[in-house]
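According to Swiss-Prot, the protein has these features:
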- 122-218: domain 'Rhodanese' (DOMAIN)
- C178: active site, cysteine persulfide intermediate (ACT_SITE)
Amino acid sequence: MEKNYYALAYYYFGPVSNPHEEIALHKQLFKTMDVSCRIYISEEGINGQFSGYQPDAERYMAWLKQRPDFATVKFKIHHIKENVFPRVTVKYRKELVALGCSVDTSKQGKHISPEEWHEKLQENRCLVLDVRNNYEWKIGHFENAVLPDIETFREFPAYADRLAQEHAPETTPVMMYCTGGIRCELYSALLLEKGFKEVYQLDGGVIAYGLKMGTGKWKGKLFVFDDRMAVPINEADPNVSPISKCSLCDIESDTYYNCANTDCNNLFLCCESCITSQKGCCSEECSQAPRIRTFSAERGNKPFRRKHLCPTIEQTRCCLREKDNQPA
């Protein structure tokens, strides 16, 4: 019988009295559950991405809300068919989001609901800012959004300076969004520090917008940091037309792969035809490389893990094991 799973996205900014104790309690709880996750906890809060068998996911949500430090956490839920993380990862991370500079998160932009966000988009009065990385917005974004060509969140402080130079901060209203909302908590605070007076952030991010409003003013798919890689923002509208193209032949494609060449591992967009002919590689050069991991259409575009070693590495390890087992 097919089991139902949940994918959960959630975060909480606020004081955590003993993050290491919380980490230990999480790990202990998960030993009895069919789950996988990537959860970071620090003195400033929690940032969680989680997948689990539905009863276990519901048990975890109830348990976390009973924890004194996390009583107000909000979960965004997607229905999935299997766990989407390779393992259970719960660890301490001082920066829940790697911005690279400190900001006063007690002063943030105004949180607006998906319904309010949709109305403001129709007014077409604000600068709509995507605060995700370029490979994320390449496959999906809001109509008429400003799309910074940035590869990591650490580049955004410098972009904030540029934004303040290109637009009059005191008279330019800004609406910002990210996947689940946590990056906006920091970036809205940063823009306020730069002098912007009217800053709005989409409460719950694109995930919450999709759950409440459907596709609405969104184009394409949503990049997610798990085995799914890309999802429609609303389960009721799965057949979304791609807005991006295959990097090899230029036909429409919104499917990301990691290059099968171990020494490259580049994240790239590719169509089914090209990914098959290139043996899972991002270029002809990589397809001829000596250390290529085995690609198969059956595994789809799931990211390669440590277990997906190329034959050359496997052979080397086997030889070393055989050598170690030789009598002296």
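Backbone N, Cα and C define each Cβ position, glycine as well.
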Which same-chain residues, if any, lie at least 6 apart from C178 (active site, cysteine persulfide intermediate) yet have Cβ under 8 Å of it: D130, V131, R132, C184, Y187, L202, G205, V206
Averaged pLDDT, computed only over the residues in the domain 'Rhodanese' (122-218): 96
Secondary structure content, the domain 'Rhodanese' (122-218) (per DSSP, counts of residues): 41 helix, 17 strand, 39 coil
